[in-house]
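Peer 1: According to Swiss-Prot, the record shows the following:
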BINDING   Gly120, Ser121, His122, Gly123, Lys124, Thr125, Thr126  ATP binding site
Amino acid sequence: MLLLELKKTNQTLETIHFIGIGGVGMSGIAEILYNLGYKVQGSDLVENYNTKRLESYGIKIFLGHAEQNITNVSYVVISSAINPKNPEIKEALERKIPIIRRADMLAELMRLKCSVAVSGSHGKTTTTSLVACLFEAAGLCPTVINGGIINNKSTNAYLGSSNYLIAEADESDATFIHIPSTIAIITNIDPEHLDYYRDFETLIGAFRSFITNLPFYGFAVCCIDHKIVRKLVDEITERKIVTYGIDSEDAHIIAFNINTDIASSTFDVKISLPNVLGTTIIEKITIPTPGRHNILNSLAAIAVGIELDFGIKAIKNGFNNFKGVKRRFTKVAEYNNASIIDDYAHHPEEIKATLATAKNIANKQNGKVIAIFQPHRYSRMQYLFDDFMLCFADADILYITDIYAAGENPIEGITGRSLVDKITKRKHHDKANFLAELDDAVGVIIDNAASGDMIIMMGAGNISSFANELDGRLSSRGFSCHTVV
């Protein structure tokens, strides 16, 4: 009960220090605490968008981790990504400064509000943003803590005036099951974070607890187009669950009459809620982002809006006001009339969804899909190697770089080159190529881009920075590139 105790004793001047404050999850919580009146500071190894944003508010940021950074702090917040040998952790333990996990701090914030927790292997960040837009359109100004930058706000977290809090619930280390939410959303469940869970069944069990831990008056929202989620929903009888999908005719909320282009998706929705007679049709809902997966994300938000009686007008207005999320199919530049897209996809299922969207758009433009993928983490590649071999079918031309380690040690035989070799050997793709250096992607674009093409730069590593610097890199070689964002 940290936050409640601080409030009761008026100890808001005590300093809360975040180790790894530049991380998207940590920076969001730090920003909310700062806006609530707490004294916040933090450290990180490098400067980034998040640290610069926090510094602009007056939050002190230390570059690098050192014992002296926590000289005058009362609490230390860490995430699961922080090495236990970190000098600031060692100093906090030595001085008996309370160390709080990021998920526990998030739980404290959520305990004070009526909370919506959004989880799932993919789509959490976009879904969280969409839900927030509907709340605002309904006249409820929520507090939001997201896993990505919401373009409407240019931040991943902001303090609202209502009693609602909407948060992305990270499932990577099972701490999300302890988050005190009233409404829980599950977008999908795929084999991910198996370095922590060890097996898929344990991961599924965590999602089961995520739902069953809801209070009796709460409800879950689940996508039953996903077979694992459907099975889970069928097994749970003690909590109210609202289902959604595109292919599932028995879902409570279904999208149909779907049309999508490079900038948006339009669809109709059929609503048949449990214990409610009759069916409601909402026609011509438009979301300003393409892709079937984003339509599913919007259905989750619609389910929450319908259950909370937001009304059809608020739902449509909320989506009209949505401006997307940074690094989710973000068009960053144009070269030779080809679109260059920056996307966070780093799991095989995310890659398939992103490339399917790109393929649909490219076909309408008589173009091709050029995929440049930077794998993220050796452990993920090892666990999902076979899935990675099969997820690039919608790319007409494929380039794979070496693996972005994200702090992990190399694993023998697990490299970007070995993935390309296996894809080629097993004939899963006839135009798969290895990029020895990310900078070689500039030449790939110069040599291959043509009018109507979709150039998709994917990964959770530094490929995003590269994509956003393409105008300068192309200009330095004498080629003109139009920057979009």
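Placed from the backbone N, Cα and C atoms, the Cβ positions cover glycine too.
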Peer 1: Using a 10 Å cut-off on CB atoms, tell me which of the binding-site residues His122, Lys124 is the least crowded.
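Peer 2: Each of the binding-site residues His122, Lys124 was scored; lowest Cβ tally within 10 Å is His122.
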Peer 1: Taking the recorded ATP site as Gly120, Ser121, His122, Gly123, Lys124, Thr125, Thr126, identify the other residues of that chain whose CB atom sits within 8 Å of the mean position of the site's CB atoms, giving them in sequence order.
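Peer 2: My list of surrounding residues reads Val118, Thr127, Thr187, Asn188, Asn297.
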Peer 1: Could you tell me which three-state DSSP class Gly120 (ATP binding site) falls into?
Peer 2: coil
Peer 1: Just jot down the residues in the same chain as Thr125 (ATP binding site), at least 6 apart in sequence, with C-beta under 8 A of its C-beta; none if empty.
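Peer 2: Those within reach of Thr125 (ATP binding site), by Cβ under 8 Å and sequence separation of 6 or more, are Asn146, Gly147, Gly148, Glu168, Val325, Arg328, Tyr344.
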Peer 1: Relative to the Cβ position of Gly123 (ATP binding site), how many further Cβ atoms are located within 10 Å?
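Peer 2: A 10 Å sphere around the Cβ of Gly123 (ATP binding site) contains 25 other Cβ atoms.
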Peer 1: When the number of other CB atoms within 10 A of each residue's CB is tallied over all shown chains, which of the binding-site residues Ser121, Thr126 has the maximum?
Peer 2: Thr126
